[in-house]
Amino acid sequence: MKQEKYGVLMVNLGTPDAPTPQAVRRYLAEFLSDRRVVDTPRLLWWPLLRGIILPIRSPRVAKLYQSVWMEGGSPLLVISRRQHQALAARMPDTPVELGMSYGSPSLRSALDKLLAQGVTQLVVLPMYPQYSCSTTAAVWDGLAAQLRDNRQLPAIRFIRDYAEHPAYIAALKHRVEQSFAEHGEPDRLVISYHGIPVRYANEGDDYPQRCRATTEALIAALGLPEGKIMMTFQSRFGREPWLTPYTDETMQGLPAQGIKHIQIMCPGFAADCLETLEEIQEQNREIFLHAGGEAFHYIPALNDDPLHIDLLEQLVGKVE
């Protein structure tokens, strides 16, 4: 009987190779060319992307990356590597590789390493707690594209999401309790998720429901009154309506309601990145304090916390 060989592929979004306009432009060109991310007809989108968006946004975004860049690369890459190393250490007899949907390390390189080790049973773990067509489904598309020319395919177990997994909720709860112990209980705990266009949800993407499921499970775990926690959406892009309420507009309005002390977390991000460290911890903090807020504390992502690695290990299962 054929001996099966298991392997694990961890996948996150990706990152530029450097905080420079040129590197950011290459990354954004790949990212924003994915139809799962932007589904505007190509004849309209290509001139807009290459003629306006990339020339204007690349230098701006490069400056933002410069403000959070770490010695080993972008925060997302550095932390993803730590997560990869920690999970691999838990599973010494199972190949574990990290790939990115856009940029390096690529899905192709990660798959090549796994297949070269004779993997016949592949567990694919997109590092997105809440399913969305623009993230999780893009991993599926990328995986299929990379395997299209292979004569021999591994059996694949694809983890769609883990929005309500008990170990995920327990890890989030622990993060919140740590923050409350350090900074006191806030007037509001804000749960900010990356947004998507409303149209995507209307067309069947159940991302809003998955975000709500996480929020409701966390409310129950913390035992806080529902009015103590609010859910918002960040990082909107383009002109069409995105999921609301918007995080930045919420930050602007809360102090006028007498809410002067907030703590904010972004449970949709498995690793801290530009959207959490710069957009939330810097931009939204400034908005809140300028509007009259008095205390703003960002609760870090789960990153390589041991409780997070416990979760990842449970998700991929015992595959030795």
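In case you wondered, yes, glycine gets a Cβ from its N, Cα and C as well.
If you check Swiss-Prot, you get these features:
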BINDING   His194, Glu275  Fe cation binding site
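Classification of His194 (Fe cation binding site) by DSSP places it within a strand.
Note on the binding-site residues His194, Glu275: the fewest other CB atoms within 10 A surround the CB of Glu275. Glu275 (Fe cation binding site) falls within a helical segment according to DSSP.
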